[in-house]
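The block underneath contains the structure these notes are about, expressed in structure tokens.
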Ligand code: NAP
């Protein structure tokens, strides 16, 4: 039987509409408009498109945008000074520094300069630590979006076997923490995992975040599983995921498409995090 398609575009549109309403209420209650500062260093075309998309999305929900674009040869001192200024600026609720940075700058150092209360990407050591300790804080946007998609699909993680392929700090590790907090039994796989297919076949919830087109085969999917494809691979034929969608949707109960699955959730959750950050500073 063909799987149900989890429509991330529709869920993301709903999240954005909810954020727009909540931003309006927050403004009415506090007299403060939430603000998101984006920092882009250099002229990387893809990064410029991402930052432009984030700023546009902010404007659409009533979040004020602060769009800082710096030359590629910006010094470490100048960049850290800008982050310090944004940390101290009451009009700025959230800060994100678009990665990757030019080679002479250390992305980890710069990210960690962001005040944890304004860390809307959830990537500082403080945010990762809070998540690992089960404390409230700002959670990375893409894994937060996946949790919303699972809820949308009616999947209750408690007691389920969840397998995540990919162990990045950006996605795999925080995803594991969120599923663990939701009482799933979590396995994280990576490039050294022996017999990846066998591990994937155990999964009630199978999440692929690798960056290798169609790595996850149809026969790696347990019948009735929920499959979440985070991968974004640009091929000549267009954008495709890490899962062989056609084959996997024969066996899975529900599956996210690429595009139109996880992707739209990331910006929606960034907007939500910015509102959460504004509430934290209020
Ligand atoms: P990453 O930092 O490159 O991490 C990739 C992970 O995949 C690593 O843990 C790596 O293992 C593992 N891996 C690589 N080849 C493998 C193989 N053959 N078998 C098993 N595991 C393998 O990537 P990322 O930032 O997490 O992103 C992963 C994908 O998700 C990319 O396509 C990215 O574009 C996409 N993504 C999408 C969104 C969105 O908004 N939709 C957001 C974030 C990421 P090792 O650790 O052993 O090297």
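Positions of Cβ are set from backbone N, Cα and C atoms, glycine also.
Note that TrEMBL annotation is computational and uncurated.
According to TrEMBL, the features are:
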- 6-121: domain 'Tetrahydrofolate dehydrogenase/cyclohydrolase catalytic' (DOMAIN)
- 140-279: domain 'Tetrahydrofolate dehydrogenase/cyclohydrolase NAD(P)-binding' (DOMAIN)
- 166, 167, 168: NADP(+) binding site (BINDING)
Next on the checklist: From the DSSP assignment alone, can you count helix, strand and coil residues within the domain 'Tetrahydrofolate dehydrogenase/cyclohydrolase NAD(P)-binding' (140-279)?
Outcome noted: 54 helix, 28 strand, 58 coil
Next on the checklist: Test of understanding: give the count of other CB atoms lying within 10 angstroms of the CB of residue 166 (NADP(+) binding site).
Outcome noted: 24
Item to check | Cβ-Cβ neighbours of residue 167 (NADP(+) binding site) (radius 10 Å) | outcome: 18
Checklist entry - If you draw a 10 Å sphere around the Cβ of residue 168 (NADP(+) binding site), how many other Cβ atoms fall inside it, taking every protein chain shown into account? => result 16
Checklist entry - Using the Cβ centroid of 166, 167, 168 as the reference point for the NADP(+) site, which residues of the same chain not in that list have Cβ within 8 Å? => result 164, 165, 169, 170, 171, 172, 173, 188, 190, 209, 210
